[in-house]
Each structure stands twice: as structure tokens, then as C-alpha cells.
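In TrEMBL this protein carries:
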type   : residues : note
DOMAIN : 30-178   : domain 'Out at first protein BRICHOS-like'
DOMAIN : 202-270  : domain 'Out at first C-terminal'
SIGNAL : 1-29     : signal peptide
Amino acid sequence: MRGPAPRLPALPALLWLALAPLPGPAARAELRVRVRLPGGQVTEESLQADSGADCVSLELRAADGALVTLTADFRQEVKIFRALILGELERGQSQFQALCFVTRLHRNEIIPSESMAKLRQKNPRTVRQAEEVRGLEHLSMDVAVNFSKAAQLSPHIHNVCAEAREAIYTREEDVKFWLEKGVDGSMFEVLPQGSALPELQRCRRCPDRWRPCMCSYSLSIEWYPCMLKYCRSRDAAGKVSSYKCGIRSCQKGYTFHYYVPQKQLCLWDEEA
């Protein structure tokens with residue numbers, strides 16, 4: 001059942017949580033939200049939740065045309081970023097280039113899948129901006145993930161990273177966490193590091209397009225539900241109780257640093 005009607009107009013959140021129970025033991029839901037990008041452009045972001053699989057995904061097109069996806073697998077404590085980057089055909093690249101970055105999912109980074117599945121919009125035409133901007137995170141992706149073995153890490157990797165099977169990266173510190181959980185270590189391969197190879201340059205400074213180098217790629221999740229909001233109500237007897245009444249939205253940027261066997265795979269990372 002929905003909560004008492006007088007509560008809804010007072011909610012400060014841009015989205016509110018429908019209080020009706022989910023249809024059945026598990027539910028899938030999709031929400032489309034209009035989001036303003038840093039340059040002022042407006043894009044549509046898709047948010048999907050599957051409470052049965054205990055995962056959520058967010059997808060949006062960045063200002064440069066790249067299609068960015070974030071998948072949060074709560075069951076396996078895995079977070080998957082995928083970027084489909086438009087290729088530079090005149091420079092010998094394919095139509096698009098796919099990258100996948102896999103990291104540990106920590107608690108309270110994003111609202112639970114069951115709560116995401118209940119989200120409803122008050123005004124679908126509103127252009128959203130995040131209430132909180134979380135700091136830019138720099139991540140050294142020093143380990144490659146074998147696509148054919150990655151289903152054990154998360155079953156979503158096979159679907160999300162199918163186009164990026166030769167470009168799936170993670171971090172050694174996250175690998176240690178997953179190994180302690182019993183994940184097969186043979187799916188991981190440590191990549192060459194700049195600290196161990198002084199001649200390995202940053203791609204932006206590398207003059208030869210066919211030499212190995214350290215690439216950087218940045219992406220941003222412009223709007224996502226990062227926390228639940230709770231409101232209080234008082235019954236006829238004066239007893240106070242709390243209920244979920246909305247969400248807090250966040251924006252967060254990431255820069256990934258990783259090894260590539262040739263600069264041709266990192267043409268966006270060049271000196272201006």
C-alpha cells in the first residue's frame with residue numbers, strides 16, 4: 001500500500017520510493033532519468049535493477065559519445081565499468097573500442113537492488129543534477145582478467161564485457177580480496193608496471209603509436225542513487241517510526257591507469 005497522501009508533497013527528493021510491495025519474490029525494473037552533463041548537454045540515463053540477481057546497472061552516453069555502463073553485483077561484491085569508445089577510423093582504429101574495469105564493490109556505495117527496483121519518478125521531464133559530488137578516484141589497474149574464466153568472479157562479466165574480452169582490467173588489491181573468498185587465481189595476470197620498467201612512458205608522452213605505454217581513461221557516473229533517505233511519522237498513539245521516503249543522488253568520476261601493448265589502443269590520451 002502507498003503511504004498517506006499528505007506525506008508525498010513534502011518530500012525533498014527528486015525521486016521517491018514507491019511503498020507498494022514488489023510484484024512477487026523478485027522484480028526487475030527500469031527507470032530513465034534525464035541528466036545534465038558538465039558541458040551543459042542533457043543525456044538520458046538508464047537505471048535497471050534486478051532484485052532476484054541482486055544487481056543494478058546504470059548506462060549513459062558521455063559528452064564525447066562514449067557509452068558508459070556501471071554494473072553493481074551485490075552478491076559477488078563486484079563493480080564493473082564498461083566504456084564503448086568511438087574509434088578514430090582515419091587513424092586505423094575500429095568503429096569502437098571497448099574497455100572493462102572490474103573493482104571491489106563496497107557497502108553503501110549505491111542503494112540496494114531491491115530499493116532501486118522500487119524507485120519511481122515524480123516528474124520524468126525534469127533534468128537531474130547530483131546533490132553530492134564525490135571526489136575523483138585514481139585507480140591503477142595492474143592486473144588483466146581472463147574473459148573465459150571470469151564468470152566465477154561475476155556472472156555479469158560475460159554479458160557486460162563481451163566486446164572487451166581482451167581489455168578487462170582490475171587491481172591487485174582487489175584480487176587479494178577475491179582470492180580470500182575462494183576465487184580461482186588463474187584468471188588473473190599481473191601486467192607490466194611503469195615503476196618496474198622505467199622506459200615505459202605514459203601514452204600521452206609516447207611518440208611512437210606502436211610502442212607499449214601506460215594509458216589513462218577517465219569516466220564519470222553523472223547521477224546515481226547513492227543513499228536512501230528516511231522520514232519519520234507519528235501514529236495516533238504518538239509512537240514515532242521511520243520509513244524510506246527518497247534517495248540522495250551522487251556524481252563520481254574515475255580515472256583508470258593501465259598498461260597497453262601499443263599506443264594505438266590509447267589514442268584519446270594525448271597531449272593537448
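Using N, Cα and C of the backbone, Cβ positions are placed for all residues, glycine too.
Residue counts for the domain 'Out at first C-terminal' (202-270) by DSSP state, with H, G and I taken as helix and E and B as strand, are 7 helix, 44 strand, 18 coil. Under DSSP, the residues of the domain 'Out at first protein BRICHOS-like' (30-178) split into helix, strand and coil as follows: 28 helix, 68 strand, 53 coil.
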